[in-house]
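Record features, source TrEMBL:
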- VAL82, GLY83, VAL84, ARG90, ARG91, GLY92, VAL93, LEU94, SER95, THR118, GLU119: acetyl-CoA binding site (BINDING)
- TYR123: active site, proton donor (ACT_SITE)
- 181-287: domain 'Eis-like acetyltransferase' (DOMAIN)
- 300-395: domain 'Enhanced intracellular survival protein' (DOMAIN)
- PHE399: active site, proton acceptor (ACT_SITE)
Amino acid sequence: MSDYTVRLLRPDETFEATALFHAALHAPPPKDDERPYLERMFQPGRAFGAFDTELIGSARSFDAELTVPGGKRVPLGAVTGVGVRADRTRRGVLSRIMHAQLTDFAARGVPLAGLYATEGSIYGRFGYGVATVTQDFQVDRRRALLRPEVPASGEVELLRMPDAVERLAALYARLPLTRPGLMTRPPYWWARFERHAHRDDDRPLAIIHNGPGGPDGLAIYNVRRNGWRDPSTLDVWDLHVATPDAYTGLWRYFLSVDLVDTIEAGDRPRDEPLPLLFTDMRAARITRGGDDLWLRLVDVPAALAAREYDGEPVVLEVTDPLLEANSGRYRVGPGGVTRTELPARLRLGADALAMLYLGTWQASALVAAGRIQAADEDAPRLADRLFATGGQAWCGTHF
Ligand SMILES: CC(=O)SCCNC(=O)CCNC(=O)[C@H](O)C(C)(C)COP(=O)(O)OP(=O)(O)OC[C@H]1O[C@@H](n2cnc3c(N)ncnc32)[C@H](O)[C@@H]1OP(=O)(O)O
C-alpha cells in the first residue's frame, strides 16, 4: 500500500489522532470533555499523520531539554502518541512517519529525540537505543521500619488536585536536574498529567516536601483498594527531589499513610538507596528492571560535542542510513569531537551510539554482544572510560 500521504496534523485533528493512538493501545477512546486537555497536550507543528481516505497513523512530539553527562541541557524532541490503525500495520506507515519526524528534527537543529517504547522491537531500526534503565520497588509497609539515623527534617504538604499542577510544575522547573537523562517538563507534559488527574478512575494525589530552604521535593501517588477488607497498595507514580532530606521526608510520609499494606514505586533509578533506609533491607524488594528512555542522536556531531568525556580519545565510525549526514568517523575525547579520516577503532550504528551516550551501557558489553565492532582489543576498554559517567543516568518522566 503506497497510496497515502504523511503531513503535519491540523489542531482540529488532535482528537482523532488521540482516538487512533488509544485504539492502537487497546485503551478506551478519549472522552469529549477531554478536548481542552488534548488541545494543550499537542504542540502545534509537532504532530504527523498518515492519511489514505482518513487518518491511519500518527506520531507527535513536544520540545523539551535533556541533561547530558557534564550537565548541559540539550534540546530534545520528546516523541509520543505513536500508533497505526490495526488494519494498516506492517505496510511501512510508521516508517514513513518516523522518517518525516526525524527529518523535521534535523531540519530544525534538534540534536536528540527520545521516547518511551511500548515494545522493545520497534524503534532500534529507526536509530533509537535504550539510554536509561530503571528498577521497580515493592515495599512491605508494616515491615519497613526506618533506621534511627535516617534524617528527619522538613514537612510534607498534601496538595489539592487538580489545582496542584501549577505548584508541581513550578517546583519541578526549579529542581537542579543534574543527573544525566533527566528532562524538563514543558506545559505539554503537564497538560497530559492534568488530563490523568481529571479522570475519575485514577485519582492521583500530590505532595511536596518543604525543607529549610523551601519546597525541595515532589511526589504523585494514588492508593488502590477494592473492598474495605482488601489489602491496599500505594502506588508512587512520580518522585523527584533536590535533596536527600526531601527523599527521606517523602518516604517517611508514604510509610505513615494509613490503610496501606504495600507501597510500589516503579521506574526508579538503578542507584536509588531505598533499601538502605530500613532496619530490614528486605522490606524493599526489587520486583522488575527495565528500559526507561530510548534516545536517538539526530545530529551526531552536535550531540556528541554536548557531553563531557574522560580518558583518551577514540575514533568511532557511525553508520546511519536513515540520517545519512551523521554517517562518518568522529574523534571523540575530552578535548572535543571532530570529524576525522583516521582509522576507526569502533564501528557502530545510531542505536548502539544512543546506548553509549548517557553512560548506561559499557562499550565492552556492546562489543561482547556484537552490537559494536572493535578494530582492536584495547578500543572497548578505552571507550568504557571515555563514556563513563560515575553515576546512573535516569529520566523518570514518562511521556
Ligand atoms: C513512543 C510511543 O508512542 S510508543 C507506542 C507505539 N505504539 C504501539 O505500540 C501501538 C500498537 N502498534 C502500532 O500502532 C504499530 O504496530 C506500530 C506503530 C508499532 C508499527 O507501525 P507499522 O506501520 O506497522 O510499522 P512499519 O510497517 O513501518 O514497520 C517497519 C518495520 O518495523 C517492524 N515492526 C513494526 N512494529 C513492530 C512491532 N510491534 N514488533 C516488531 N516489529 C515491528 C515491521 O515488521 C517492519 O519491519 P521490516 O522493515 O523488516 O519489514
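A Cβ is built for glycine as well, from the same backbone N, Cα and C atoms used for every other residue.
Feature map: annotations from TrEMBL on the structure.
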residue: VAL82; record: acetyl-CoA binding site; contacts (Cβ under 8 Å, 6+ apart): PHE21, ALA24, SER58, ALA59, LEU94, ILE97, LEU115
residue: VAL84; record: acetyl-CoA binding site; contacts (Cβ under 8 Å, 6+ apart): ALA24, ALA50, ILE56, GLY57, VAL93, LEU94
residue: SER95; record: acetyl-CoA binding site; contacts (Cβ under 8 Å, 6+ apart): PHE126
residue: GLU119; record: acetyl-CoA binding site; contacts (Cβ under 8 Å, 6+ apart): none
residue: TYR123; record: active site, proton donor; contacts (Cβ under 8 Å, 6+ apart): LEU115, ALA117, TRP294, ARG296
residue: PHE399; record: active site, proton acceptor; contacts (Cβ under 8 Å, 6+ apart): PHE62, ALA78, THR80, LEU115, TYR116, TRP189, ARG192
TODO: Using DSSP, break the domain 'Eis-like acetyltransferase' (181-287) down into helix, strand and coil residues and give each count.
DONE: 32 helix, 41 strand, 34 coil
TODO: Summarise the domain 'Enhanced intracellular survival protein' (300-395) by DSSP state, stating how many residues are helix, strand and coil.
DONE: 33 helix, 23 strand, 40 coil
- [ ] Let me know the most crowded of the binding-site residues, choosing from ARG91, VAL93 and counting other Cβ atoms within 10 Å.
- [x] VAL93
Open item on the list: Using DSSP and collapsing to three states, where does ARG91 (acetyl-CoA binding site) fall: helix, strand or coil?
Closed with: coil
